[in-house]
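Working notes, structure below.
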Amino acid sequence: MTILIEQPEFGSQVEEKKVSFNANELILDGGFMVPKTLSSQDEIFEVPDINAFGQSFRDYNVESERQKSVEEFYRVQHINQTYDYVKKMRKEYGKLNKIEMSIWDCCELLNDVVDDSDPDLDEPQIEHLLQTAEAIRKDYPNEDWLHLTGLIHDLGKVLLHPSFGGLPQWAVVGDTFPLGCAFDESIVHHKYFKENPDINNNIYNTKNGVYEEGCGLDKVVMSWGHDDYMYLIAKENKTTLPSAALFVIRYHSFYVVGLTHHGDIGVWLIGDVNSSRYNERLQHNADVVESEEAVVAADDGRCSKIGISMLKIGGHAVDAAVATALCLGVVNPMASGIGGGGFMVVRSSSTSEVLAIDMRETAPLAASQNMYDNNGDSKLNGALSMGVPGELAGLHAAWSKYGRLPWKTLFQPAIKLAREGFVVAPYLGNSIAKKAKLLLKDPGLRQVFAPEGKPLRAGEICHNVELSHSLELIAEQGPEAFYNGEVGEKLVEDVKRAGGILTMDDLRNYRVETPEAVTVNAMGYTIVGMPPPSSGTLGISLILKVVENYVSSNAAKGALGLHRMIEAMKHMLAVRMNLGDPDFVNISSTVSDMLSSSFAKEIQQKIFDNTTFPPEYYLPRWSQLRDHGTSHFCIVDSDRNAVSVTTTVNYPFGGGVLSPSTGIVLNNEMGDFSTPNEISPDKLPPAPANFIQPKKRPLSSMTPVIVLKDNQLAGVIGGSGGLKIIFAVLQVFINHFVLGMDPLAAVQSPRVYHELIPNVVLYENWTCIDGDHIELSDDKKHFLEERGHKLEARNGGAICQLIVQNLPNPPLQMGRRSGKEYKDGIFRGLLVAVSDPRKDGRPAAI
């Protein structure tokens, strides 16, 4: 197809708009700035002293005939662009199901489109596209990626065409601005925001709103329009354009980045434009990092960086794990902390030894099977729901074996955060808002999370001074300060005062278990993880072995593979409730079955590709454990020692009690036990293997694992989210190691979950904090429904962290770099770390 337009001239009419600028910047139309360091090959390119664009575009102060219509445009735009509207549009248009069309055909659609928001130009948009591309080509002849970016940057304006929904101009063009926070007064025609519904939202109407100060532009929800749509098209279709191009496409109408007429809009969210953090966010997807040295993937970026800081000064992966866990207990107190417990898997690269550390909470000595008969609510709420904490004991056990740095050193970053304060991240802010009544009810929680009588919001500063004092004592005196010292004594006193039964004898008698790790050989890989009372590794073992019995390499692929996996999940759920604490119940037969290929074959023969079945078909005997919460992180150091850790206080903010004298959030892990008289949602009897006994550990869904290939480290995976953890870790493993997805896609891909009863497939349909929408595709939903599955959307799911080492010539290497060579029998390949965007985590690397 030939498009005839008048060729752009770089003569007098453009010459007047030329300005000189900092040679460290590349300026596009409207004064949009791209750092000089961004290019197609991550090399510095030469920026001419003068270019064909300047900073005088979009002048809203010059009198002209167009200004009245432009002002009317912004009046309508400012009234209708809301936080919820953008989430809705990103969900709808993120499906990318409108129409398939070539770039040139799209260009032709813009032949009759004039941008109503532009005070300077009334030319058809097709001319603007080609003039932009040609002007860039003149100024940057060697940057072909930038020529293409100039051509397509405004193609999203096809949203105006009926084929793409026929949206009104206010939903497609115009300057963009942040939503979810207060509207800055320097936004053009700001006065019209007074009619925007978001102005009445108490959170949205604050400076930081739902964001953490300095969180990065990629986490800010911008007003909807052609920029975001074109970005989604490029990103979801796996464009080979560099990150700078995606940045230009997504933010070229947000003129704060160009430092033009919008003054300081959003700068407090972006951070210093010249800072290394800002440039890092432009050059990389913040959810994934690569390194040939060492990486940490936690569900809070501050804690990932703290872990890396320990590796930089010579620490072992376990040193980094201790520091990371302590950090998470401070900044993610709703999910983990030293008042809880968890599981930890450590693999030494030099010896290939795997250390499994069970730091799960135990039932107090005064606990009994019938202790909640007269008050079932106290099993989950209040101090009576607390198990004996194990996290500190477990971290110390690992450090005693592998640690290189002083114990005290590992505590200093967490102490500083607790004492000096930390910014409430959006995920914590959401948890505080959801649990506001609970927090205001408890004196300890109230003093930390609502110090002035109002719950803290995202972006505000939180202090936990008493926790800093507790951590200082434990740093100086070791875990004895907690299990047989001042911190423990204060904690026990507070628990008693709140109605709990924890005693100093409970703390003194707590013991970390170090059982033999579970080893699973499936799909050509070896997976090592925790034995019971964790049911996670055994759960993914049984499901993988069922899928493996199909023999075909495509057994797990596509909608049919998803159906098979769901059926295997349901069979696994029926089996796993026979598990419990092996020190109290005989579970050897169940463990053997869940590791057995022949048992998996029997299950596989009960799965039919054309139908599903009611719950009784899967022969469940006991009601399901529905545990909650947790934090997970993965670490690999420069020697390729690996650590996978999941920690928890169970429900958000545990039992809803914070010890005022220690700053410690009490877990409600007793809720993970079964009790003889409880009535469960699935109306099945409670599992006897999981009944309460003093010093017993409750069953868990936590699934920290390490993946090996030919005795070399291949990956580290784990997740948070209660029962959903098992299925999330399973799907991330299959996505990357079986289906060959890149690590980020493997984590971001939509997931499904099941609880057996009710007989419903739960599928993800939610928008992440960074605005990315995650939803199971329509074709897969239709395929499952045709087979009788009942589907239910969930605005939530499990959170996974993943580290992958690119090994030499693995089955699905897909052309990725592998890194260094073998040394002392240890392969040191390129490490790729991903933190799940669902929780706004951030990995870090050396």
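Using N, Cα and C of the backbone, Cβ positions are placed for all residues, glycine too.
Unlike curated entries, TrEMBL annotations are predicted automatically.
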Listed alongside ARG360, THR648, VAL649, ASN650, SER700, SER701, GLY722 for L-glutamate in TrEMBL, from ASP609, ASP672, ASP742, is ASP672
Among HIS189, HIS190, HIS252, TrEMBL assigns to the Fe cation site of HIS128, HIS153, ASP154, HIS226 just HIS252
Most isolated by CB count within 10 A, of the binding-site residues ASP116, ASP672, is ASP116
Spacing of the two Cα atoms, ASP116 (substrate binding site) and HIS226 (Fe cation binding site), in whole angstrom, works out to 13
Cβ neighbour count (10 Å, all chains) around HIS153 (Fe cation binding site) is 26
Same-chain neighbours of the Fe cation site, Cβ within 8 Å of the mean position of the Cβ atoms of HIS128, HIS153, ASP154, HIS226, HIS252 and not counting those residues, run in sequence order as GLN125, LEU129, THR132, LEU155, GLY156, LYS157, ASP227, MET230, ILE249, SER253
Long-range Cβ list for VAL649 (L-glutamate binding site), cut-off under 8 Å, min separation 6+ in sequence, same chain only, gives PRO333, MET334, ALA335, SER336, GLY337, GLY339, GLY340, GLY629, VAL665, LEU666, ASN667, ASN668, GLU669
Check: min Cα-Cα distance from HIS128 (Fe cation binding site) over binding-site residues SER253, THR648, ASN650, ASP672, SER700 goes to SER253
According to DSSP, HIS128 (Fe cation binding site) sits in helix
